Structures are given as C-alpha cells and as structure tokens.
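J.: Relevant sequence annotations retrieved from Swiss-Prot are reproduced here:
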TOPO_DOM  2-7  topological domain 'Cytoplasmic'
TRANSMEM  8-24  transmembrane segment
TOPO_DOM  25-292  topological domain 'Lumenal'
BINDING   41-67, 92-93, 119-121, 183-187, 218-222  NADP(+) binding site
CARBOHYD  123  N-linked glycosylation site
CARBOHYD  162  N-linked glycosylation site
BINDING   170  substrate binding site
ACT_SITE  183  active site, proton acceptor
CARBOHYD  207  N-linked glycosylation site
C-alpha cells in the first residue's frame, strides 16, 4: 500500500495529465506545408486520400503502388490540389530490392524525407485458413517485412529531419479476427515490431516518432466488395480516415484509433498500459546495452 501511494498513484496522475493535455493538442494543416512525404499503397483507397490531403496542405509527395497508370492520375491530381511537388515510382512490395531502392529514389526526388507513411497491403480474402503456407508467407512479406525494409532504408533521412514513421495497421492487429488469419498475423507483427522500435528510440534518444494507426472497417472499394453479405458492420469514411492518419503522424502520437467502434480507444489505448510499459523500460540499463 505504501508503495502504491508513494510511486504508483503519482505516476498514474502524471500519465492521466499527459493524456489529457496531449488529447487537446491541435493539428494545423500548415504542419505539413513543405514537408517531404512518402505514401505507399497510394493508387487507391486510403493511400490515395492521404496523398490528396497532403497535396492540399502543400507537402512534397512521392507515391508508390503497382499501377503506373493510376499513379500518374494520382500525381496529376495532387499537383492540381496544390502539392509543392508530386512524383510516383511504380513497383511491387513483393520485391524487397525495389522497396529499398524506392526509398533512396524518393529521397533524391524530394531532397530528403520528413514522413514515411506505410499503407500498402497484399490482397486478402475472407476465408477459413486452408493450410496455404505460400499465402501466409506472401502476407508476411508484403504486409510486414517490406515495412521493415522501407523503414531501415528511410531511417537515416528521418534521423536527419527528426521525422516520423506512420504505420497503417488494423484492429485485426490488436484483436484476432477469424477468416483473415494470415492478414491478422501480419498486423500483429507490425504492432510488435514498431512498438518495440519506438521504445528503442526512447531509450537511445532517437527523435523519430512512430505512429501506429489502428483502423476498423473503412469504406474503400476493396473492403466493401470483400465484406458485402459476409459482415454486418458499418464502415467509416476513407477520406476522414486518411486525415486522421496524417494528424496522428504530424502530432507524433504513438497510436491512432479510427473506425465506428467508439469504445475501442478506451479499451485498447488506456493509460494503465502506458504506465506498465514505462515501469518496464526503467529496468533496462541502456549504457550496457549500447556497449554490447
């Protein structure tokens, strides 16, 4: 009881105060003006809407996806909306060499990098797991491993700019979902890896923020086609979702929750979890870890 009064209650008070004040921090579109941003999976859906919002805010944008023709249309529209500059590089994230080279090319086009928004996924269908290991491997490579490759390639530039990494994930990466086992596994992997890297940045004073975006069902054409007649759930608008993703990255938030289940942030993003994480980090002797 004495330990709780002396340590835990004051710490909990500090965390509650942090959440209260950080929740009231205001986003301003000019935060993105002139910023150099990469958006993956930007030929349609959420990624395309992210690119359009960034363009309206006056950012430099480099987009990527597999479809060259669609990317050309996205870039043309970004320029009409007011982007400081807009470029595309077409390719597949199944190719890790492309992923690594893409970041270098994008950095040269913009003269640096301030924000890396990782949004791409491979196609996923609702079905019971049928022991298809090839499908699991593809989901993990595209939805997870390519994110790691892109991040490793981008970190030198992001460290120079004190930039941000924004990882678009899913509620399926916080709560296991049936019918999408490989997809869910890849999203859990994103949470585990990037949350760990965020803590490593805190321990080593690396000023590169990592924002994990936990999304519910969003009304993209692909998602609506897949869930039609299978899942009775209201979808949230992709345009607003894209804006919330940008806001979270600009405000350097640890996590962003977006969807029509309003209770999700209260249950999954609670200050008690943060307190436990904080106390856990205090156990690490960073000087010995760095020397090793």
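Backbone N, Cα and C define each Cβ position, glycine as well.
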J.: Roughly how many Å lie between the Cα atoms of residue 170 (substrate binding site) and residue 47 (NADP(+) binding site), rounded to a whole value?
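T.: Residue 47 (NADP(+) binding site) has its Cα 14 Å from the Cα of residue 170 (substrate binding site).
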J.: Would you count the other C-beta atoms found within 10 angstroms of the C-beta of residue 53 (NADP(+) binding site) for me?
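T.: A 10 Å sphere around the Cβ of residue 53 (NADP(+) binding site) contains 24 other Cβ atoms.
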J.: Rank aside, I only need the closest one: which of the recorded positions 162, 183, 207 has its C-alpha nearest to that of residue 120 (NADP(+) binding site)?
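T.: Minimum Cα distance from residue 120 (NADP(+) binding site) across 162, 183, 207 lands on 183.
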J.: Which one of the binding-site residues (59, 65) has its C-beta surrounded by the most other C-beta atoms within 10 angstroms?
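T.: The residue with the most neighbouring Cβ atoms within 10 Å is 59.
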J.: Give the number of CB atoms, excluding that of residue 162 (N-linked glycosylation site) itself, located within 10 Å of its CB.
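T.: Other Cβ atoms within 10 Å of residue 162 (N-linked glycosylation site): 12.
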J.: Near residue 47 (NADP(+) binding site), meaning Cα within 10 Å, which of 123, 162, 183, 207 (recorded positions)?
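T.: Cα within 10 Å of residue 47 (NADP(+) binding site): none.
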J.: Quick check on the binding-site residues 41, 47: which one has the highest count of other Cβ atoms within 10 Å of its Cβ?
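T.: Counting Cβ neighbours within 10 Å, the top one is 47.
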J.: Tell me, how many other CB atoms lie within 10 A of the CB of residue 170 (substrate binding site), whichever protein chain they belong to?
T.: 25
J.: Give the number of CB atoms, excluding that of residue 123 (N-linked glycosylation site) itself, located within 10 Å of its CB.
T.: 10
J.: Out of 123, 162, 207, which of these glycosylation sites is nearest residue 187 (NADP(+) binding site) by C-alpha distance?
T.: 123
J.: Residue 53 (NADP(+) binding site): which of the recorded positions 123, 162, 183, 207 is the nearest Cα neighbour?
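T.: Closest recorded candidate to residue 53 (NADP(+) binding site) by Cα: 162.
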J.: Measuring Cα to Cα, how many Å separate residue 123 (N-linked glycosylation site) from the residue listed as 'active site, proton acceptor'?
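T.: With distance taken Cα to Cα, the residue listed as 'active site, proton acceptor' is 9 Å from residue 123 (N-linked glycosylation site).
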J.: Could you tell me which three-state DSSP class the residue listed as 'active site, proton acceptor' falls into?
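T.: Going by the DSSP assignment, the residue listed as 'active site, proton acceptor' falls within a helical segment, counted as helix.
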J.: Measuring Cα to Cα, how far is residue 65 (NADP(+) binding site) from residue 207 (N-linked glycosylation site) in Å?
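T.: Here the two Cα atoms are 28 Å apart.
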